[in-house]
Amino acid sequence: MPHLASETASLEEQLQGWGEVILITDKVLRWERAWFPLALMSVVSFSFLMIYYLDPSVLSGVSCFVMFLCLADYLVPALAPRIFGSNKWTTEQQQRFHEICSNLVKSRRRIVGWWKRLFTLKEEKPKMYFMTMLFALAVIAWIGQQVHNLFLTYLIVSFLLLFPGLNQHGIITKYIGMAKREINKLLKHKEKKNE
């Protein structure tokens, strides 16, 4: 596996044309201003309302989404320097861009690691793998049957976009801590009953 620094440098080079846009997106996703979560959810909600209103077929929706990505991939590197003036990059901006790229590489490595662990489980404990996969996929299928596809996608996209800000402001850590305390209380209460 290539070294983290070389992977990060390679990603920085690939995303250099997107630097300014990535930095602005990072600020919005981390909620550097109090109104960023509201703006973020407004854009997401408007986008999903338009999809709901237009009701495109899957093929049309995927085609339009990929067309939008292609346009962005062509226009952003060409227009970003004119709009933002990339010669104005400070050391702080370069350092933050490096941190973002490093975090992206680490996230990709984690996902690949989970994927490899899943296949290791398949080889070492096939029955456990089979039962876990069957249960997890049955739960996902049940949720998919209970909740409308577009609304479920809206919830997932909203959570993924709000996650960096929730994490940055300690909200996730706070609620995970509360859940752990409650679970510990229940376990201690159960132990006392058993004694």
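The backbone N, Cα and C atoms fix where each Cβ goes, glycine too.
The feature domain 'RETREG1-3/ARL6IP-like N-terminal reticulon-homology' is assigned by TrEMBL to 18-175. TrEMBL lists 34-54, 60-80, 128-145, 151-172 with the feature transmembrane segment.
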Positions whose Cβ lies under 8 angstroms from the transmembrane segment (128-145), at least six residues beyond its ends: 118, 121-122, 152
Averaged pLDDT score, the domain 'RETREG1-3/ARL6IP-like N-terminal reticulon-homology' (18-175): 90
